[in-house]
Amino acid sequence: MENLQSLLHGFTIAVTVPHLTLMVIGVLLGILVGVLPGLGAPNGVSLLLPLTFGMQPVSAIILLSSMYWGALFGGSVTSILFNIPGEPSSVATTFDGYPMARDGRPTTALATAFGSAAFGALVGVILITFLASWVAQVALAFGPPEYFAVYFLAFASFVGMGGAAPIKTVVALAIGFAIAAIGIDTVSGSVRLTMGIDELVKGVSFVVAVMGLFGIGELLIAVEEEFSARAVSSRVDWKEVFRALGRLPHHGIALLRSAAIGCWMGITPGGPTAASFMSYGIAKRFSSNGARFGTGEAEGIVAPETADHAAGTSALLPMLSLGIPGSATAAVMMGGLMIWGLNPGPMLFVDQKDFVWGLIASMYVGNIVAVALVLLTVPVFAALMRIPFAVIAPLIVIICVVGAYSVSNSYLDVVLMLGFGVVGYLFKKLHYPLAPLVLAIVIGDKAEDAFRQAMLMSKGSLGIFFANGLVTTLVLAGMALLLLPLALQIVRLLRKPDVSAQEKVRII
Amino acid sequence: MISRRALEIAAAVLTGIFGVVVVVSSFDNGIGWSSAGVDAGTFPFLTGIIIVLGSLYNLGQGALGRGTLAIVRVAVTPSELRRLAGLFVPAAIFVAVIPMIGMYLASAAYVFAVLALPKRQSVLRALVIAAATPLALYVVFERMFQVSLPHGALAAAFGF
């Protein structure tokens, strides 16, 4: 009850005209950086940071966190419309969002994504409100073995769910791991797999790989098929926005499950990216529509979006309560906290009650503001699909080139991006799955680091992965998820020997 | 025309070469267990081996014409190949000239060339889009978010 009272007090701080104005400005800027690939929430937050020095800390954090919400929402827009994920965490949204938009339903796809994202964020904030102290303890229980177990769980829930040939999946996954290993190895500090090219020391950024594999690769597939987007009706269809939102409760189970996965992955610092992949994988496996995933299923949008935002929101908690930034954006924000004269960490909840509860209240209000603004923009973004393909294709190429360059001001990245485009086309054409490749690039090196640190702790004994209840549960759950499809396959083969050959599945 | 068999073989050879490169360069970092724990080269070495073995399997399947796509004989027809080149070649030229003339000039020229030359759009419209693109890039990246895009050797020669 004490929390509830503090929250109500927080609302009196957050819901004032100047603060609401700041939220609108923050959200709009956030949507802009989210939509543009290459620019992300960290860019926006670091740009606004100097402007906040003269502000009250509460106002400053409200502006920055609103920008963060806007960027989270904006990242999904290009994923759905052009198959270019603006942020790592919106990759899984492309799997069903893009086919749906291509099918002539961009409004539905965007509205579904934003609606479920808002739900996920809301669950995340409620979790922060009531479980702040408990959650902080869970995060503290996490060491290298637990980290590895969480990543293992994410891989296990995702690998083997696509319809691709198993060996091709294995090759794609291994290539992803190898790409993730390029650059400086964080455990030993030595440089790996640079093949004598100095610029590769910084590693291959995820953004570069994804913009090539998904953006350029998809573009090549599209011209080959003489693609033209299904005619989108020219008038702004507001009713469709509300119809899509009204259909969300039909996916109630998916919403709740994905929110739970998202919160769990946000607190255990698995992060939004792992959360969205895992949620998609589990939804595909357990949904009654699972077989149609990848062709534009609404549930295939609901699952990753809800988990992404639930994780993104609950990931702010470790920053506030422990002083551990969960992401690049959180790290910049934490820098801000210190500049404003606040000390992130357990004492913040005691010393700076107004600040903490003002922020938490602003998360509720800020998300409502964000979802309202972003829904208003849906028809504008959906209208982009009406631009003729001949015009939009070179613009997508330019966006990918600029995006790849701006990641670290490197021309080599642009060339690499184009190379990834060819690989993406080739892989798609020959049914090599791209999703395991991307997943391995994103969390492969983190999983490897965690594994090796765990091995250092245990002096080489694998027993450390069964040392306590938490890590044992995680590892066993991962193994179960990994072996489940195999077992199901065997059962199916024993029953009907010829049914599996007839299945037509989209490779993702 | 490119047959699917040739494409499968090409892809398997490409992934195989990548695997070999990974294996060879992982030797530099040491493989196995040392006083510093699992050596840095161990994981790249293992993934490299997996890539090579998998590629060999895919190569065999592709060469024998087996596997999931066995019914599809032709992968890319000549007209499809022309359309692919129509998108990729200008894009590659665009990327190639960026170090020389910079992002802004290159993007304007690229957009104009792709839109006006195949007569997809009227020259006037192509000109407008070609002028608007670098302008939008400049305002958003250079002005608003202070991300500097490459200006190119040409601009440097003029002292920008």
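The count begins at 1 with the first shown residue.
Just so it is clear, glycine is given a Cβ too, placed from its N, Cα and C backbone atoms.
The domain 'DUF112' annotation in TrEMBL covers A:20-439.
Residues annotated as transmembrane segment in TrEMBL: A:20-40 (among others). When Cβ-Cβ distances below 8 Å are used as the criterion, the transmembrane segment (A:20-40) is approached by residues 48, 59, 62-78, 84-87, 207, 211, 215, 328-329, 362, 365-366, 369-370, 373-374, 377, 399-400, 402-407 of the same chain, each at least six residues removed from its ends.
Outside the transmembrane segment (A:109-136) by six or more residues, the chain places 3, 7, 69, 72-73, 76-77, 80-81, 93, 97, 100-101, 240-242, 244-245, 247-248, 251, 255, 258-259, 262-263, 266-267, 296, 298, 301-302, 305-314, 316-318, 320-322, 346, 349, 360, 363-364, 367-368, 370-371, 374-375, 378, 381-382 with a CB less than 8 A from a CB of the stretch. According to TrEMBL, the feature transmembrane segment maps to A:109-136 (among others).
What TrEMBL records for A:148-165 (among others) is transmembrane segment.
TrEMBL lists A:170-191 (among others) with the feature transmembrane segment. Remote same-chain partners of the transmembrane segment (A:170-191), defined as residues 6 or more beyond its termini with a Cβ less than 8 Å from a stretch Cβ, comprise 159, 164, 200-204, 209, 427, 432-434, 436-445, 448-449, 452-453, 456.
Beyond the ends of the transmembrane segment (A:203-223), by six or more residues, the same chain brings 37-38, 82-85, 88, 91, 94, 98, 179-180, 182-184, 389, 393, 396-397, 399-400, 403-404, 407-408, 413, 416-425, 427-429, 434, 437-438, 441-442, 445 to within a C-beta distance below 8 angstroms of the stretch. Marked as transmembrane segment by TrEMBL: A:203-223 (among others).
Taken from TrEMBL, the feature transmembrane segment covers A:322-343 (among others).
Annotated transmembrane segment per TrEMBL: A:355-376 (among others), in sequence order.
As annotated by TrEMBL, transmembrane segment applies to A:383-405 (among others).
What TrEMBL lists as transmembrane segment is A:462-488 (among others).
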For this session: May I ask for the residues of the chain that lie six or more residues beyond the transmembrane segment (A:355-376) and have a Cβ under 8 Å from a Cβ within it?
Result: 6-7, 9-11, 13-15, 19-20, 23-24, 26-28, 30-31, 57-58, 61-62, 65-66, 69-70, 73-74, 111, 114-115, 117-118, 121-122, 125, 128-129, 241, 313, 316, 320, 342, 348-349
